[in-house]
Structures are given as C-alpha cells and as structure tokens.
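Annotation source TrEMBL lists Ni(2+) binding site at 2. The Zn(2+) binding site annotation in TrEMBL covers 73, 76, 89, 92.
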Ligand SMILES: [Zn+2]
C-alpha cells in the first residue's frame, strides 16, 4: 500500500529529527497533504497508528491539514483556490493554468519533548 511506504519514510524523518534535537519522544506530527498528492488522509492516519507503536512517534498525535488545489491562471493572471480536481481557471475558464499548491505532501511541524 502506497500510504505505508509514505508513513515509513515519515517515521524515518521523525527519528532523524528527534535524534538531531535530542528529543526522547514526539508529541505531535503535523502534515500537509495536497488534494492532488494521491495520498488518502484516512489511510495515511491508519498506517501512522500502526507504525508509530515501535518508533519515537509512539505517543504522537497526527494532525493532517488537507491542502486544496491552488491554480495560477496564465490567461487572466488570477490565483484561485478550487475545491475540485480541475485545472480550469474558475474565473475565466481558461485551462492555461499552473498548479502552485495542492500537489505535494509535506511535513509541516513536529512537536518534540526534549
Ligand atoms: Zn483565468
């Protein structure tokens, strides 16, 4: 499952950061998940709950912020946030747009206990 490998690399990232900051445990992990990232938040948090048990994150709470899609229109030059998976500018209906947010998954913040 896709989400399992994501969580495994997330755990590795957390372990490394905890070590770097000499933290004994992580209290909270905050993620940003773009709607176009292909990551399913429900599956991800389930995988997290499974994997965290034997990691530095075993008491951590997972906070997921879903990042909507943000388009920059190359036609009317407006930036808009859209709720659906589209590349059409909601203002002028042009499809000459660039996705500027909502495509990736990112670790936003770790709350650690040192
Ligand atoms: Zn436009």
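Just so it is clear, glycine is given a Cβ too, placed from its N, Cα and C backbone atoms.
From a predicted model like this one, the values you see are computed outputs, not experimental measurements.
Shown on the structure are the features that TrEMBL records.
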{"residue": "2", "record": "Ni(2+) binding site", "DSSP (3 states)": "helix"}
{"residue": "73", "record": "Zn(2+) binding site", "DSSP (3 states)": "strand"}
{"residue": "89", "record": "Zn(2+) binding site", "DSSP (3 states)": "coil"}
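Residue 2 (Ni(2+) binding site) is 37 Å away from residue 76 (Zn(2+) binding site) when you measure Cα to Cα. Within 8 Å of the centroid defined by the CB atoms of 73, 76, 89, 92, the record's Zn(2+) site, lie the Cβ atoms of 74, 75, 77, 78, 80, 90, 91, 93, 94, 96, 97, excluding the listed residues themselves.
The CA atom of residue 2 (Ni(2+) binding site) is located 31 Å away from the CA atom of residue 73 (Zn(2+) binding site). Long-range Cβ neighbours of residue 73 (Zn(2+) binding site) (same chain, at least 6 residues apart, Cβ-Cβ under 8 Å): 79, 80, 89, 91, 92, 94, 96, 97.
Each of the binding-site residues 76, 89, 92 was assessed for Cβ neighbours inside 10 Å, and the highest tally belongs to 89. Using a 10 Å Cβ-Cβ cutoff, the residue listed as 'Ni(2+) binding site' registers 12 neighbours.
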